[in-house]
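*Asks:* Once you've had a glance at the structure underneath, I'll fire off some questions.
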Amino acid sequence: MRPLCVTCWWLGLLAAMGAVAGQEDGFEGTEEGSPREFIYLNRYKRAGESQDKCTYTFIVPQQRVTGAICVNSKEPEVLLENRVHKQELELLNNELLKQKRQIETLQQLVEVDGGIVSEVKLLRKESRNMNSRVTQLYMQLLHEIIRKRDNALELSQLENRILNQTADMLQLASKYKDLEHKYQHLATLAHNQSEIIAQLEEHCQRVPSARPVPQPPPAAPPRVYQPPTYNRIINQISTNEIQSDQNLKVLPPPLPTMPTLTSLPSSTDKPSGPWRDCLQALEDGHDTSSIYLVKPENTNRLMQVWCDQRHDPGGWTVIQRRLDGSVNFFRNWETYKQGFGNIDGEYWLGLENIYWLTNQGNYKLLVTMEDWSGRKVFAEYASFRLEPESEYYKLRLGRYHGNAGDSFTWHNGKQFTTLDRDHDVYTGNCAHYQKGGWWYNACAHSNLNGVWYRGGHYRSRYQDGVYWAEFRGGSYSLKKVVMMIRPNPNTFH
């Protein structure tokens, strides 16, 4: 029985300890149940579970809880959670501060960007105003350009009218001069007729027989040499302005006179022409400077030219002459092509005539110049010829020689330009500024077809005088200029 009692005692003690543990658990689990009720409940449960075993009941005095029950087993977890929460809060606070600083920075940037946007808007507004002002100024400029162009057109029309009027005046002056020549011719003829009649009357009085005396034809007045074959070929001569003027000046060939009367020396021992150039006329014995009929090789074109047989060594064909300003050289293309002026005064032979002359062999060019103080100089070029009209009479020059200075080589290889045919290399029309026709470059070192100013130095908006830049400069208009050509024997003048 003793071991059994000891065993029961240990069971009772374990039960009591379990009850205490259950009480603590009960206190933690619920706040409404009392410890006593908990013990009785356990007792009844154990009693019901084992009725066959012996049971012992231990009455343990009830303990009152006067303070808070601390459970040490859970305290580290709570502290750990609190620490975690504090760290998270600190991280969140730091993140919030960082976000706040970023927001403030963004606000500052937005404020700055807002200022820039306002400035950009202001600049755009100013740009629109400026564009409007520029457009307005551009329109004003266009109106001004159109107005000036209209003025230039009116000025060009006036210049053309002046040119036409000048041409009409020149034609009238030429006709008047021709009438004077005809009047002088008729007066001389009438005088000769009177002398012939008087001689016949005297002769009749001396002859005693009644045999009638044949009436001699009237003697011809003295005249410039004219080929007798001219009347047969007059219809073949080109009908330009120069040739028209010359046709009016042609005098009829002399009629045979009586042996007893005085007459001009016969020229039947000399060839009558036409000649290929003035040198051939000189070689045929015609050594007087005058008008000659010329027919270049390889063409049926007949032309009258002035042959200078006095300028050593003679045989020079004059293609241009300026001496008194009586002829206007500000002409159009067609006039420069055919020629114009008075062949015994100021004149231009014509581009087409010069082309045919210079393309029948090697010709040289001689330019003689004189200023208003009487100084004379010359410029000679070893070769001179023109290309055909299809090349706009392009200039071809050879080596220079002379004492006037070389102001023509710069124009070598250039095409001829007039007011209505612009072939120069300048952006504008050089003929408009130089007031003539020439082989302009951009524009001129020489302008021998320009305006003839009296006195030398002239005042003009442009350099439009008759000048040779290497001799007296571009603002000095020369007094006399002659351009003449001659076959080149490979020797300088």
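Cβ coordinates are placed from backbone N, Cα and C, and glycine is handled just like the others.
Sharing the features that Swiss-Prot gives for it:
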type     : residues      : note
COILED   : 76-115        : coiled coil
COILED   : 152-206       : coiled coil
DISULFID : CYS278-CYS307 : disulfide bond
DISULFID : CYS430-CYS443 : disulfide bond
DOMAIN   : 269-489       : domain 'Fibrinogen C-terminal'
CARBOHYD : ASN164        : N-linked glycosylation site
CARBOHYD : ASN192        : N-linked glycosylation site
SIGNAL   : 1-22          : signal peptide
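Map the listed features onto the structure and describe their local environment.
*Replies:* According to its DSSP assignment, CYS307 (disulfide bond) is in a strand.
Contacts of CYS430 (disulfide bond) defined by a Cβ separation under 8 A and a same-chain sequence distance of 6+ are given as THR417, ASP422, ASP424, TRP438, TYR440, ASN441, ALA442, CYS443, ALA444, in order along the sequence. CYS430 (disulfide bond) carries a helical DSSP state (H, G or I).
ASN164 (N-linked glycosylation site): 10 other CB atoms within 10 A of its CB, across all protein chains.
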*Asks:* For CYS278 (disulfide bond), write down the residues of its own chain that are at least 6 apart in sequence and whose Cβ falls under 8 Å from its Cβ; none is a fine answer.
*Replies:* TYR292, VAL294, VAL305, CYS307, ASP308, GLN309, GLY314, GLY315, TRP316, THR317, ARG486
*Asks:* Rounded to a whole angstrom, what is the C-alpha distance between ASN164 (N-linked glycosylation site) and ASN192 (N-linked glycosylation site)?
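*Replies:* Computed Cα spacing between ASN164 (N-linked glycosylation site) and ASN192 (N-linked glycosylation site) is 42 Å.
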*Asks:* Counting other Cβ atoms within 10 Å, pick out the least crowded of the disulfide-bonded residues CYS307, CYS443.
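*Replies:* If we count Cβ atoms within 10 Å for the disulfide-bonded residues CYS307, CYS443, the smallest count is at CYS443.
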*Asks:* For the coiled coil (76-115), what's the mean pLDDT in this predicted model?
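*Replies:* Value for the coiled coil (76-115), mean pLDDT as a whole number: 83.
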